[in-house]
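Now, the feature entries from TrEMBL:
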type     : residues  : note
TRANSMEM : A:12-33   : transmembrane segment
TRANSMEM : A:54-85   : transmembrane segment
TRANSMEM : A:97-118  : transmembrane segment
TRANSMEM : A:125-144 : transmembrane segment
TRANSMEM : A:164-190 : transmembrane segment
TRANSMEM : A:219-238 : transmembrane segment
TRANSMEM : A:250-270 : transmembrane segment
TRANSMEM : A:304-322 : transmembrane segment
Amino acid sequence: MTNLMKQRLFWPVAMLALLLIGNLIFEPGFFSVELRDGHLFGSLIDILRQGSPLMLVALGMTLVIATGGIDLSVGAVVAISGALACQQIAGLDDQGAVGGVLVAVALALLLCAGLGLWNGFLVGVVGIQPIIATLILMVAGRGVAQLITDGQIINVNSPPYKTIAAGFLASIPVPVIIAAALVAAVALVIRRSAFGMLLESVGGNAGASRLAGIRSRRLIIIAYVACAVCAGVAGLMVSSTVSSADGNNAGLLIELDAILAVVIGGTSLLGGRFSIAGTVVGALLIKTLDTTVYTIGIPPEVTLLFKAVVVVVLCLVQSPAFRARLSRRQPAEVSA
Amino acid sequence: MRSLAMRNKYLPVSATAVLLALMYGIGVINYTGFSDTQVVLNVFVDNAFLLVVAVGMTFVILTGGIDLSVGAVVALTTMIAAGLLEKGWPPAVALPVVLLVGATIGLGMGCMIHFFEVQPFIATLAGMFLARGLCYVISTDSIPISDPFWVSVANKQIWFGGFFITISVLIALAVVLIAAYVLSYTKFGRDVYAVGGNPQSAMLMGLRVGRTRIAVYTISGLCSALGGVLLSFYMLSGYGLHASGMELDAIAAVVIGGTLLTGGSGYVIGTVLGVLVLGLIQTIITFQGDLSSWWTKIFIGILLFVFIVLQRAVTRRRR
């Protein structure tokens, strides 16, 4: 049991299970998943589907944090991506044309890659501290999103675009498939190539890795580009969910939730050590937390308090210092 | 090596000062009325609360930490102050109470960071959720402040030679002076720099790292609460959405002022210059006048970028 508790993922998973069971007590049908018209429905599926954008943003954020950086601009990138895609689609003669929608999506993701390149350039080449370098795009990015939409909320009516958030493939929701595919792809690249190890080495000590012959600049830039593209995909999902683009409010404060998800998953903000699986659990945990608030019927104004309490409790049980303090009271359990 | 480091330790602050002067010069050339002294004084009047909050943030960042809760604590302070005054509490009681609440939140986060080794970013993020959450528990609406003391302090203008400042500016300047004194001339100040420079060696030297670390978060909480009081003078209301994003303004001000986010190096005077830079950017935008809200955001981003890159270029040569 003590060995199990020392596992990095034990506490986040335990907390997730606790929240799910709490939901089950308040709503007995919570775990039921049914097949309706060949589509999967249920609260658990909802958590997965609504959690997909956050999971993607957190996935990209994990790579950036692994290099010892941080990306505050992801919320703005979410807004920009949705804004450009919707603006392009709104300008189509036939909004139902799959080709046109694909071009719009590609353009949006290309722009996001450019924005990531910009962040990576500032951090890796110019050498500005990540939190400040990405703050620039965080501030200016919302302006850019509004510029694209001309300050309006752009509504689109495009069935192919709607598919990104509301579609089903083999009875599984499309956003879940997209998120799972990207997570799998990143995990594969990281664990099947040297990329993950190089990222960790750059995060551990960028200067030393460069002296050891690792192109740390290029790795840092790749991490920021990947992060922005992931945020871009999340932005497409967010705007597709509501079939509109809102430059002001899309992805608002998602950067904080994403960072929280990454840290809950056991990745250190100091860089050099990261866990993709942890991030996935972290993102699911945060989304379940949001769902729990509705299920248990917590009044909206107390939501943030509830979140604060859960975060504090989770951080404390994960903290080795806290556990050491607890076990000091039980000398029998202390082992060298 | 050491003398070289000593000679150049003021370089980042000087760079900020020079660039600030440059920015002011560009404003004077391009906009009529920009050279009026009152324009500069208004930057102080409009940013007194940010100055106080940023000074508290300077302490935290000097130890290598970060405090994301400041904006939320500012909002909570305006909310509690407005709520208590509405219930008829005298200002002499309400004022200490809100300052105490801010300091307590800071203390709690400091303890979490020190005793349980929770990362500052996360501990203060939890503090941010907590403070904003408490705001909405008190009320989801804006609460106006009509207390005579509050209103009189808010409206008091101190005139000298045709120009005026407010009481908030005096309080903010007092905080700056106290902070500068504490950091430069007291043992605690040296501890702060030592902990930020290298916590390990600070501990081996016998400095009380834990106490210093907890103290800086308490100071930051206290400064946020005081900043909240100043904001409530400025707004004459308490509202849960006040000061949203102020934590980033404060961090930006500290960093623009030449303080390293990794800790151990920087000055309060740099933070003052940083706040002036942000304030002057706003002023230039106001004088420009014809920017739509999105161009304003883009323009702020561009100016921030130019400033940071220039500062980087100036200070890079020292290595």
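Using N, Cα and C of the backbone, Cβ positions are placed for all residues, glycine too.
Automatic prediction, not curation, is the source of TrEMBL annotations.
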Quiz item: Does the transmembrane segment (A:219-238) make contact with the transmembrane segment (A:97-118) through 3 or more Cβ pairs under 8 Å, each pair 6 or more apart in sequence?
Solution: yes
Quiz item: For the transmembrane segment (A:54-85) against the transmembrane segment (A:164-190), do we get 3 or more Cβ-Cβ pairs below 8 Å once near-sequence pairs (under 6 apart) are dropped?
Solution: yes
Quiz item: Apart from its near flanks, which chain residues at least 6 from the ends of the transmembrane segment (A:125-144) lie with a Cβ under 8 angstroms of it?
Solution: 64, 68-73, 75-77, 79-80, 115, 118-119, 217, 221, 247-248, 255
Quiz prompt | Other parts of the chain folded back onto the transmembrane segment (A:304-322), taken as Cβ under 8 Å at six or more residues beyond its ends | solution = 11-12, 15, 19, 260, 264, 266, 285, 289, 293, 298
Quiz prompt | For the transmembrane segment (A:164-190), distant same-chain residues with Cβ under 8 A (at least six beyond the ends) | solution = 35, 38-40, 45, 48-49, 51-53, 55-56, 59, 63, 105, 196, 199, 226, 230, 233, 236-238, 240-241, 276-277, 280
Quiz item: Counting only residues 6+ away from its ends, which parts of the chain sit with a Cβ under 8 Å from the transmembrane segment (A:250-270)?
Solution: 8-9, 12, 53-55, 57-58, 61-62, 65-66, 68, 70-79, 82-83, 138, 145, 203, 231, 234-235, 238-239, 277-283, 285-286, 311, 314, 318
